[in-house]
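Reviewing the structure listed below.
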Amino acid sequence: MEFEFFFQIALILLSTKLAGDLSVRLGQPSVLGKLIVGIVIGPAVLGWIENSELLTQLSNVGVILLMFMAGLETDLEELNANRNSSLAVALGGIILPFVGGYVSGLVMGMEQGNAVFLGLLLCATSVSISVQTLRDLGKMKTRESTTMLGAAVFDDILVVILLAFAMSFLGTDDVNLTMVILKKVVFFASIILIGWKGVPAIMRWLSPLRVSESIVSAALIICFSFAYFGELLGIAGIIGAFAAGIAISQTNYKHEVEKKVEPIAYAMFVPVFFVSIGMNITFDGIGNQIWFILALTVIAVLTKLIGCGFGARMTGFDAKSSAIIGAGMVSRGEVALIIAGTGLSSGLLAQDYFTAIVIVVILTTMITPPMLKYTFGAKDKAMKASK
């Protein structure tokens, strides 16, 4: 019945708050508990909540607002100053995971095309979970977090181009590589121009309207417009939302927007996003794939941790900061889930492997929060010991 959706929302909000609190009491970031509770109340365990189109859309709004908040908290000058490090981290986080995924696929008996796609899937990075963990830890404004966010942007661009190339080369889709690259150029050129000139003008134009919360509404209009524009041109909507947050952070409206959007995001939409990730897991028919799942999870974690960490180390970060950046890039999150769905529909990913890979993606997402907490803790202890 349609009204059962109201109960589902109430259950999601209650369970995420309780699970987040328990996670903090156990010394872990709150996001870990929220991810786990999605598995518990979802189809995999209790089955109280089933995936639906409405929950999916609420989840999409949640991740868009989460990345918009990350953009608001990002220092543009710091982001620009760390662009070389971000690019190196992104490259390290693509090359090693691709090789690891491709070789693993061949060893496990996959066909050539499936192995290539597995390598590309392991290249994906979603820092939305890392962003929440950094907020929990009070580390959003560190150099490491800025580098992670910049690397995620580069990673998204490169992975989309590589995916388009693979689909074209393997003959599974009619993909125009020139058009794919052109769309990326148009997106970022437009975002820079609109963010520099258009966003301040839009905020000034809409803020005097004699209606309630005109400034917040103006900010959300910009946020969702940027996200839509990104999706339209083949860039993840979360990148558009992140860019919108950065653009508004350069205006005088930053603090008011941040103060008023945060309750909207965290009271309703972000909890649905966290639960929806866990709800993607199902344990049906995975008994004979358990070793594949465990092996691929280890490969997925180590290749990102080492590859991204190496990129950071080569651009001036010390060992502990490099480990932090590597840990923050491990999560594949919703980005990899979308790519997996694309691979399944295009024939690049066999149905036999789909469920197992979804579980691997979610395991990497759940591993990220405790890894970030541990690596930041190790750095903080070292800094205190040196004083």
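Cβ coordinates are placed from backbone N, Cα and C, and glycine is handled just like the others.
What Swiss-Prot lists as transmembrane segment is 29-49, 54-74, 87-107, 114-134, 149-169, 175-195, 219-239, 263-283, 290-310, 324-344, 347-367.
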Cβ contacts the transmembrane segment (347-367)/the transmembrane segment (219-239), at least three under 8 Å, sequence gap 6 or more: no
Listed stretch, out of 29-49, 54-74, 219-239, 290-310, 324-344, that has the most CB pairs under 8 angstroms to the transmembrane segment (114-134): 324-344
Two-stretch contact, the transmembrane segment (54-74) and the transmembrane segment (290-310), at least three Cβ pairs under 8 Å: no
Selected stretch (most C-beta pairs under 8 A with the transmembrane segment (290-310)) from 149-169, 219-239, 263-283, 324-344: 324-344
Within-chain partners of the transmembrane segment (263-283) [C-beta distance under 8 Å, separation at least 6 from its ends]: 9, 12-13, 15-17, 31, 34-44, 49, 51, 55-56, 58-63, 65-66, 68-69, 128-129, 132, 216, 333-334, 337, 355, 358-359, 362, 365
Considering the transmembrane segment (149-169), which listed stretch of 29-49, 87-107, 175-195, 219-239, 324-344 counts the most C-beta pairs under 8 Å: 87-107
Positions whose Cβ lies under 8 angstroms from the transmembrane segment (29-49), at least six residues beyond its ends: 8, 11-12, 15-16, 18-23, 55, 129, 132-133, 136-137, 271, 274-283, 362, 365-366, 369-370, 372-373
